[in-house]
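First up is the structure itself, then whatever we jot down about it.
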Amino acid sequence: MFTSRMDDALTEARAAAARGEVPVGAVLCDPQGQVVATAGNRTRELSDPTAHAEILTIRAACAAAGSERLPGHVLWVTLEPCPMCAAAISAARIATLYYGAPDPRMGGVAHGARVFDHPQCHHRPQVYDGIAAAESQALLRGFFAARR
Ligand SMILES: [Zn+2]
């Protein structure tokens with residue numbers, strides 16, 4: 001049975017905002033649909049520019065699986081992944097990517113580097129965009145408005 005995990009990803013995004021992090025959340029599921037990792041951005045907390053929600057879920061799931069690849073896995077993320085995360089998604093062989101809001105400024109899937117469409121990209125996941133995009137966008141807008 002198909003279950004959307006975008007609500008869980010949004011919960012992670014809200015928790016990230018509460019920590020003072022850019023509100024992006026991600027949920028990674030195994031091929032059976034079980035959640036194997038959830039995360040929100042932690043770049044400030046960890047002083048780590050690579051600590052994006054997607055990277056954190058991929059690291060956790062790979063460590064738990066004892067494998068650098070996650071075939072058949074499904075990643076839900078509230079915002080279009082950046083080029084770094086898109087490259088990690090491809091390297092991990094993730095099967096399906098669902099994301100929320102587009103990110104014309106930093107995105108690397110439908111914008112900018114368009115990592116999955118690049119000839120150097122050897123694994124392209126199925127991509128579905130615009131899932132709960134309005135909610136994801138509102139979270140981001142509220143976060144940046146509050147910091148101005
Ligand atoms: Zn990223």
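The backbone N, Cα and C atoms fix where each Cβ goes, and this holds for glycine too.
What TrEMBL says about this one:
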- GLU54: active site, proton donor (ACT_SITE)
- HIS52, CYS82, CYS85: Zn(2+) binding site (BINDING)
- 4-111: domain 'CMP/dCMP-type deaminase' (DOMAIN)
Pick from CYS82, CYS85: which of these binding-site residues has the biggest number of other Cβ atoms within 10 Å of its Cβ?
CYS85
What's the CA to CA span in angstrom from CYS85 (Zn(2+) binding site) over to the residue listed as 'active site, proton donor'?
6
What number of additional C-beta atoms lies within 10 angstroms of the C-beta atom of HIS52 (Zn(2+) binding site)?
26
Around the Cβ of the residue listed as 'active site, proton donor', how many other Cβ atoms lie within 10 Å? Please give the count over every shown protein chain.
28
Cα-Cα separation of CYS82 (Zn(2+) binding site) and GLU54 (active site, proton donor), in Å?
10
